[in-house]
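Take a look at the structure set out below.
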Amino acid sequence: MLSAASRVVSRAAVHCALRSPPPEARALAMSRPPPPRVASVLGTMEMGRRMDAPASAAAVRAFLERGHTELDTAFMYSDGQSETILGGLGLGLGGGDCRVKIATKANPWDGKSLKPDSVRSQLETSLKRLQCPQVDLFYLHAPDHGTPVEETLHACQRLHQEGKFVELGLSNYASWEVAEICTLCKSNGWILPTVYQGMYNATTRQVETELFPCLRHFGLRFYAYNPLAGGLLTGKYKYEDKDGKQPVGRFFGNSWAETYRNRFWKEHHFEAIALVEKALQAAYGASAPSVTSAALRWMYHHSQLQGAHGDAVILGMSSLEQLEQNLAATEEGPLEPAVVDAFNQAWHLVAHECPNYFR
C-alpha cells in the first residue's frame with residue numbers, strides 16, 4: 001500500500017504529466033524563432049552641427065554595417081545641413097533598389113506652418129537636399145494649432161499621390177489628435193499615418209498611459225526619441241553644471257538647450273540617476289555597465305516597445321565613438337531584475353514632473 005507521502009507524489013506526477021505538453025509540442029515551441037527585436041533608427045540631428053560631413057559619413061557607414069537601415073532627419077535639423085550631408089553620401093536614397101530608408105519632417109516653427117503650401121515647400125526642399133525623388137517616411141513634426149488639420153492631411157494626400165513619400169508619420173501629437181487624424185484620413189480615403197515618433201525613456205514614460213493604447217488600436221508603430229533623456233541618462237552631468245561649467249551638448253550651447261533643460265534638468269532626475277547607479281554597482285560590482293548602456297538595454301528589453309509591432313529606438317550621437325558605444329549596448333541582453341526595479345523606482349521619483357509628450 002502506498003504511503004500518504006507516496007500518494008501525494010504520485011498525484012503530483014500525474015498532475016504534471018497532464019499539464020505537460022507532448023514532446024512534439026515542446027519541440028515546436030523550441031523551434032519557433034525568437035520574437036522580432038525592437039529596431040534601431042539613426043538620428044541625425046547633430047549632423048552639420050557637432051558632426052561635419054566626414055564624421056557623419058563614418059557614422060552612417062558604421063550604422064549600416066551593423067545591419068540597420070533606417071535614417072531619421074528633419075527639415076529643421078542644423079538649418080538643413082543634416083539633410084544636405086545625407087544627400088551627399090551617395091546612398092541612392094529614395095531609389096527602388098536602395099536598402100536604406102530615409103525619414104524627414106515638416107514643422108510649424110520659425111515662420112513656417114502646416115498649411116498646404118508650407119508642407120509642400122518643406123518636403124520639396126528636403127527632397128532637393130537629400131537628392132532623392134521620394135522619402136520613405138514623411139512626418140508632421142508637431143501640431144500646427146493655427147491650421148485646420150484637414151487642410152494639412154489633404155495636402156499630404158496630394159503629395160503622397162505625386163509619389164513624394166511612401167509612409168506618413170506623426171510626432172508630438174496628443175493621443176486624441178492621433179485618433180482624430182486617423183478617423184479623418186479613413187473617412188476621406190486619405191493616406192493613414194503608420195508611425196508615431198515620440199519622447200520615451202526609462203524616466204520619461206508618459207506615453208505608456210494613453211498614447212500607446214491609442215497607437216495599438218489604430219495600428220501605428222512607435223519610434224522613441226530621447227532614449228537617453230537628451231544625454232542626462234549617461235550619468236555624465238551634475239545638477240550644479242547649470243550654474244558652472246555648462247558642458248557643450250544638448251543642454252548648453254545651442255538653440256534647443258533651454259528646451260532640453262526645461263524637459264529634464266531637474267533635481268529629482270539627478271536623484272533618480274544616482275539610484276540607478278547604486279543599483280548597477282550592487283548588481284554587477286566591478287563589471288557594472290554604464291548608465292548609458294543600462295538605459296538603452298532598458299529600452300530594448302524592459303520597456304513597452306515591441307518588435308512585433310515594428311517599434312524602434314532612435315539613436316542619436318555627437319561622435320562616431322558615441323554611436324559605436326550605443327550600438328554595442330543595444331546588442332547586450334536584459335538587465336538584472338534589481339536594476340529594472342531601480343529604473344521603476346526612478347520613474348516613480350520623477351513621474352510627477354514628467355514632460356508632456358505632446359506639444
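Each residue, glycine too, has its Cβ placed from N, Cα and C.
Going by what Swiss-Prot states, the substrate site holds His141, Tyr260, Arg263, and the candidate of Arg32, Arg37, Arg359 recorded there is Arg359. Checking Ser255, Ser290, Ser319 against Swiss-Prot, you find phosphoserine recorded for Ser255. Taken over all pairs of the listed substrate-binding residues (His141, Tyr260, Arg263, Arg359), the Cα spread reaches a maximum of 18 Å, rounded to the nearest whole number.
When the Cα atoms are compared, Ser255 (phosphoserine) and Gly230 (NADP(+) binding site) turn out to be 14 Å apart. By neighbour count, meaning other C-beta atoms within 10 Å, the densest spot among the recorded positions Ser40, Thr234, Ser318, Gln322 is Ser40. Cα spacing between Gly230 (NADP(+) binding site) and Ser40 (phosphoserine): 17 Å, rounded to the nearest whole number. For the pair Tyr77 (active site, proton donor) and His141 (substrate binding site), the Cα-Cα distance reads 11 Å. In this structure, the C-alpha atom of Arg263 (substrate binding site) lies 33 angstrom from that of Lys128 (N6-acetyllysine).
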